[in-house]
Amino acid sequence: MDQNELKKLVGEEAVKFIEDGMTVGLGTGSTVKFMVDALGERVKNENLNIVGVPTSDRTAEQARSLGINVKSVDEVDHIDLTIDGADEISSDFQGIKGGGAAHLFEKIVATNSKKVMWIVDESKMVDHLGAFPLPLEVIPYGSKQVFKKLEKEGLHPEFRKNDAGEYVLTDSKNYVIDLHLGEIKHPHQLADYLIKQVGIVEQGLFLDMVNTVIVGRQNGPEVLTARP
């Protein structure tokens, strides 16, 4: 199976955990897209009654097009389960997210959820975090000063730009700075440092957060329990 087939596999496996009446956080990214497609099929074929809480404009648009009832995080009083992708997951189930520039909204939804599930193909499972650049969402005002400070700290920052050389904007119209770290030895310390920096709205380390991980492997989906 190629990578897309593995992503489709875990997306279809994940929706088996969604029950009638649930409020479900809908993540963002290529793997989640397959999951939302599969959820749309269940809504259509089984008349499944659920509320989806999307973490990006593009996920909201996809969900609505499939007939999924969509509400914002501020319109619901609870979220039973959030299903999202990840860019890296370490052996102790810590994660990096934000490759799709949605990590602020993703973290807001995840931290307000009873349970969090990540769905990934096997290439995302690593021993240590850091090979994937760590995304930061920063407000445009003063962003070059933030950049200079990160550079001075030896964190190898880079503004994320599109093919036209323009700054990539988040749904909140903020910039993204990626840190090219190679390996993150002390993720909790790094997260604490970054979030204290004025101008950084959120950072892409998702720590002590996930309950279940579904990994797409060549021999089928593997369901791992990270935390009760």
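The backbone N, Cα and C atoms fix where each Cβ goes, glycine too.
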Which candidate from Lys115, Lys124, Lys144 does Swiss-Prot annotate alongside Thr28, Gly29, Ser30, Thr31, Asp84, Gly85, Ala86, Asp87, Lys97, Gly98, Gly99, Gly100 at the substrate binding site?
Lys124
Residue among binding-site residues Thr28, Ser30 with least C-beta crowding, 10 angstrom cut-off:
Ser30
Other than Thr28, Gly29, Ser30, Thr31, Asp84, Gly85, Ala86, Asp87, Lys97, Gly98, Gly99, Gly100, Lys124, which residues of the chain come within 8 Å of the substrate site, judged by Cβ distance to the Cβ centroid of those residues?
Gly27, Val32, Ala102, Val120
Tertiary neighbours of Lys124 (substrate binding site) (same chain, Cβ under 8 Å, six or more apart):
Gly85, Ala86, Asp87, Glu88, Ile89, Val215
Residues Thr28, Gly29, Ser30, Thr31, Asp84, Gly85, Ala86, Asp87, Lys97, Gly98, Gly99, Gly100, Lys124 [recorded substrate binders]: greatest CA to CA distance in Å:
15
Looking only at Asp84, Gly99, the binding-site residues on record, which one has the least crowded Cβ, with the fewest other Cβ atoms within 10 Å?
Gly99
Under a three-state reduction of DSSP output, how is Asp84 (substrate binding site) classified: helix, strand, or coil?
strand
